[in-house]
Amino acid sequence: MIQVLLVTVCLAVFPYQGSSIILESGNVNDYEVVYPRKVTALPKRAVQQKYEDAMQYEFKVNGEPVVLHLEKNKGLFSEDYSETHYSPDGREITTYPSVEDHCYYHGRIHNDADSTASISACDGLKGYFKLQGETYLIEPLKLPDSEAHAVYKYENIEKEDEAPKMCGVTQNWESDESIKKASQLYLTPEQQRFPQRYVKLAIVVDYGMYTKYNRDSDKITVRVHEMVNHITEMYRPLNIDITLSLLDVWSEKDLITVQSDSDVTLEVFGDWRESVLLKRRSHDCAHLLTDTKLNDNTIGVAYKKGMCDPKLSVGLVQDYSKNVFMVAVTMTHEIGHNLGMEHDEDKNGKKCKCDTCIMSPVISDKQSKLFSDCSKNDYQTFLTNYKPQCILNAPLRTDTVSTPVSGNELLEEGEDCYCHIPPNPCCDPATCKLTPGSQCAEGLCCDQCRFKKKGTICRFARGDYPDDRCTGLSDDCPRWNDL
């Protein structure tokens, strides 16, 4: 039996709202100041790590209490993750840092089935969470001897300039090799559930970005780790594991000519990846982060359908914002092109316009960080038609299976249900198993430990989409197009 120790670290919420503030992530209008209260669940006599495997935080948003459940993102790094920089004479200096006890988490809000969270706990809480359909960001205020944090909505980040931020290259790439085409255009419910896929990602940082952060390798590393943690969370609904395989920082000079012509830079970077980077370390996709201002208000470019190709499985992303979440959304978008996704636009008879979705051609003030149904269909079609082989196999990870920890609010190996604090009457807190006679413990289609009847509305209609309804066989509330 696993016993749980509750540790209360800090108490209270400071009920203060401000109109404007300058944060590490940029200028923000309309924010809340909170003091999160931390409650940690640990097995008795557990070996203490610097960063726990699972944590809970309580604070208020808009006057309402929320409970944020976090679990360490153990798939963030590959087991052989490496970092490379360069000596003044051009020699590669590669290290293999220990990253198992890292400080990057994913999670959700208690009692909000559609919530998500991606948080760095390295120095306070920094990241984002989705609550009741709204995306909020949180970060420490960096006040002396204070645990104060700012919470604010995505749309309240002040623009650093007024020019629209756009994706540049979305050119189709067709292989010269024979490609097996799908015999059916209709995607079956089984296809819609998305098979598990794995992308080993390489991030390259150019010299301009390195100097932008005062040649501080630690600052660059933290920024990239935060970015990839966000990206991995955004790809979870598609059943894609993004694992950071390597970080290559051009610390002495650029190893290619990085210019504002994004098409040219992307092509040259693809050549360098094929001839140099792939020979050094195996990976599936490489993206170059640059401080160079790209032409035509472009902030990112990538080859569509290029995933797994030695030259074309690449992208180029401008580090255009102090806010790492905004740059992470852009890289998520460009990886989407590598995976066959088109822009969310109305064209060729397809009604796909979605200004707030990840694959919108122009970044929105109200970014939702969701993939549209059109993007999901594009991705599934890419898998069916192109059958990319490199993303089939799971990479070695720093920690693939954790010891079950009761009370961490995320389902782990051997558990049937989430062990709540306080306990859920449908779930045995000692074993994380359903109590006798219970079919479920929670979920939009669970009521008093039993599945709701087939046809019960579990999510009301939004826009052009109809109501989502329970199946009577599960506690999940399936999207209408998964039925």
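Placement of Cβ uses the backbone N, Cα and C atoms for every residue, glycine included.
Marked as signal peptide by Swiss-Prot: 1-20.
Marked as domain 'Peptidase M12B' by Swiss-Prot: 197-395. For the domain 'Peptidase M12B' (197-395), the model's pLDDT averages out at 94.
The 10 Å shell around the Cβ of Cys390 (disulfide bond) contains 18 further Cβ atoms across the protein chains shown. As annotated by Swiss-Prot, disulfide bond applies to Cys308-Cys390 (among others), with the evidence given as sequence analysis.
Marked as Zn(2+) binding site by Swiss-Prot: His333, His337, His343. DSSP classifies His333 (Zn(2+) binding site) as helix under the three-state reduction.
Among the features that Swiss-Prot reports, active site is placed at Glu334. Sequence-distant neighbours of Glu334 (active site): residues of the same chain at least 6 apart with a C-beta under 8 Å from its C-beta are Cys167, His287, Gly300, Val301, Ala302, Gly315, Leu316, Val317.
Look at Cys352 (disulfide bond): DSSP puts it in coil. Cys352 (disulfide bond) has a Cβ environment of 20 other Cβ atoms inside 10 Å. The disulfide bond annotation in Swiss-Prot covers Cys352-Cys374 (among others).
Summarising the annotation, Swiss-Prot assigns disulfide bond to Cys354-Cys357 (among others) and lists sequence analysis as the type of evidence. All protein chains shown were included, and the count of other CB atoms within 10 Å of the CB of Cys357 (disulfide bond) stands at 21.
Annotation source Swiss-Prot lists domain 'Disintegrin' at 403-483.
Taken residue by residue with DSSP, Cys432 (disulfide bond) is part of neither helix nor strand, so it is coil. Residues or ranges marked as disulfide bond in Swiss-Prot (evidence: similarity to another entry): Cys417-Cys432 (among others).
For Cys419-Cys427 (among others), the entry in Swiss-Prot reads disulfide bond, with the evidence type similarity to another entry. Neighbours of Cys427 (disulfide bond), defined as other CB atoms within 10 A of its CB across all chains, total 24.
DSSP assigns Cys449 (disulfide bond) to coil in the three-state reduction, outside any helix or strand. Per Swiss-Prot, disulfide bond is recorded for Cys426-Cys449 (among others).
Residues annotated as disulfide bond in Swiss-Prot, with similarity to another entry given as evidence: Cys440-Cys446 (among others). Proximity of Cys440 (disulfide bond) to non-local residues of its own chain (separation of 6 or more, Cβ distance below 8 Å) is seen for Cys417, Cys426, Leu434, Cys446, Cys449, Arg450, Phe451, Ser474, Asp475, given in sequence order. For the recorded site, Cys440 (disulfide bond), the DSSP three-state label reads coil.
Positions annotated as disulfide bond by Swiss-Prot, on the basis of similarity to another entry: Cys445-Cys470 (among others). In this structure, Cys470 (disulfide bond) belongs to neither helix nor strand by DSSP; it is coil. Proximity of Cys470 (disulfide bond) to non-local residues of its own chain (separation of 6 or more, Cβ distance below 8 Å) is seen for Leu444, Cys445, Phe451, Lys452, Lys453, Lys454, Gly455, Thr456, Ile457, Cys458, Cys477, given in sequence order.
DSSP gives Cys477 (disulfide bond) a coil state; it is part of no helix or strand. Residues or ranges marked as disulfide bond in Swiss-Prot: Cys458-Cys477 (among others).
DSSP classifies His343 (Zn(2+) binding site) as coil under the three-state reduction. When secondary structure is read from DSSP and collapsed to three states, Cys427 (disulfide bond) falls in the strand class. Cα proximity to Cys352 (disulfide bond) (within 10 Å) is found for the following binding-site residues from His333, His337, His343: His343. Within the set of binding-site residues (His333, His337, His343), the lowest number of other Cβ atoms found within 10 Å of a Cβ is recorded at His343. When the recorded positions His343, Cys357, Cys432 are ranked by how far their Cα is from the Cα of Cys390 (disulfide bond), His343 comes first.
Residues within less than 8 Å, Cβ to Cβ, of Cys308 (disulfide bond) and separated from it by at least 6 positions along the same chain comprise Asp284, Pro388, Gln389, Cys390, Ile391. Checking each of the binding-site residues His333, His337, His343 against Cys427 (disulfide bond) by C-alpha distance, the shortest gap belongs to His333. Closest to His333 (Zn(2+) binding site) in space, going by CA atoms and restricting to the disulfide-bonded residues Cys354, Cys357, Cys374, is Cys357.
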